[in-house]
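Student: Sending over a structure as structure tokens; questions will come in a sec.
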Amino acid sequence: MKYTKKDFALSVLGISIYILDLIVDIWVSFRFFHEGKYVFGVLTVSFMLFGTLVVQCFSYSWYKSDLKKTGQEHLHYFLLLHCLQAGVFTRYWLALKKGLHLAFKPSNKASDCTEGQIDAHEELKYNVTDLTMLRLFETYLEGCPQLILQLYILMDHDQMNASQYAAIFVSCCAISCSTVDYQKALRNSLPDKNTLKRCPRCIYFVYKLLTLLSWMLSVVLLLLLNVKIALFLLLFLWFLGIMWAFKEQTQFCASRGMELLYRVVVGFILVFTFFNIKGQNTKCPMFCYYVLRVLATLWILIMFWVCPPIDLNSEYFVIISITTALILFLGIIFLIVYYGNLHPSKSEEKIPDEIDGKPVQKDCRMRHFLME
């Protein structure tokens, strides 16, 4: 499949949102320190550093693995770039430079499908998929905690400035867009997977956004009720996610150390949304996941109304509670519509993949991580 002008535009949009998210986070943290809110400032910076450090580790690990497969010499300056937190930007620069050449290069129909050109387009597709996954990791590791923090400040302190509203908006956009972009790029890079069409993509976007926001609001309500209980619940869910990754014996990374880090990241993302961590049928795990999500949300709402905070603004929080329940219900409806009628696998031919121990057309690490 060719790398088109539309793909190039999406890559430009991806790096733009990535940079905008970084700028807004720096702006928010600066405002917190300037206003003397040092705890919020430290938390914001910590979320940023956690996300970017993990992403740089994965980026450099994949870079070394790819060079080893092709027998190329290791370039030490790339290690320096990752230490300086510039590895992802370098990947984007190289991908955009190559994408500009392939997408806008004048072509003639007689020579447009040579083997070399096809290989160049496929290689770029895989590189873009790597980038979308790195951005996906970064937005969940940094964006989700950041969004919870800003929503907590909005509800508890009722004092927000423009930078915090911008952080909420950009975090929502970054999380949702990175999820959809990754799913689209993944299916474009795997030859045995159907592409995600416009209508299913929109339904998928809404389902992910609504289920994620409902959980965010639920967590914030629990934080308002009792911070210790909320943190215990999040850490417990993180631990369960890690244990499930170990149980599934994921094989995403080449090295043992990076595989352990991957499972930790997997557990963290599972706190907020469901995904297929091993590229296999997950109908039953997904059903159990969202049943638990609904039960947990109902438990939080019941706890909130049985033991409400002392300084509760009842009218305001009635609206928040109804909104949380409603968007969760709508999210589940969109989930059922997507997987019941619009999921690309409905029209896919069943082809054994690498996990089954049979050869596939192309070795791709993303086959082991299929966001659902």
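Glycine residues also receive a Cβ, built from the backbone N, Cα and C atoms like all the rest.
Remember, TrEMBL labels are computer predictions, not curated facts.
What TrEMBL lists as transmembrane segment is 12-32, 38-63, 202-223, 229-246, 258-277, 289-307, 316-339.
Let's see these features in context: how buried, what's close, how far.
Tutor: Residues 38, 40-41, 44-45, 47-48, 88-89, 92, 96, 131-132, 135, 138-139, 142-143, 146, 150, 161, 163-164, 166-167, 170-171, 173-174, 177-178, 181 of the same chain lie 6+ residues outside the transmembrane segment (12-32) yet bring a C-beta within less than 8 angstroms of a C-beta in it.
Nonlocal intrachain contacts for the transmembrane segment (316-339), taken as residues 6+ away from its ends with a CB within less than 8 angstroms of a stretch CB, comprise 155, 200, 203-204, 206-207, 209-211, 213-215, 217-218, 221, 290, 293-294, 297, 301, 304-305, 308.
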Student: Go through the chain and flag residues at least 6 beyond the ends of the transmembrane segment (289-307) whose CB is under 8 A from any CB in it; none is fine as an answer.
Tutor: 211, 214-215, 218-219, 221-222, 224-225, 233, 270, 274, 317, 321, 324-325, 328, 332, 335
Student: Could you pull out which residues elsewhere in the chain have a CB under 8 Å from any CB of the transmembrane segment (38-63), counting only those six or more residues past its ends?
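Tutor: Residues packing against the transmembrane segment (38-63) from afar: 22, 25-26, 28-29, 32, 78-79, 82-83, 85, 87-88, 91, 130, 134, 137-139, 141-143, 145-146, 149, 153, 253-255, 258, 261-262, 265, 365.
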Student: For the transmembrane segment (202-223), give me same-chain residues lying six or more residues beyond its boundaries with a C-beta closer than 8 angstroms to one of its C-beta atoms, as numbers and ranges.
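Tutor: Distal contacts: 144, 147-148, 151-152, 155-156, 172, 175-176, 179-180, 183, 196, 229-230, 233-234, 272-273, 290, 293, 296-297, 300-301, 303-304, 317, 320-321, 323-325, 327-328, 330-332, 334-335, 337-338, 342.
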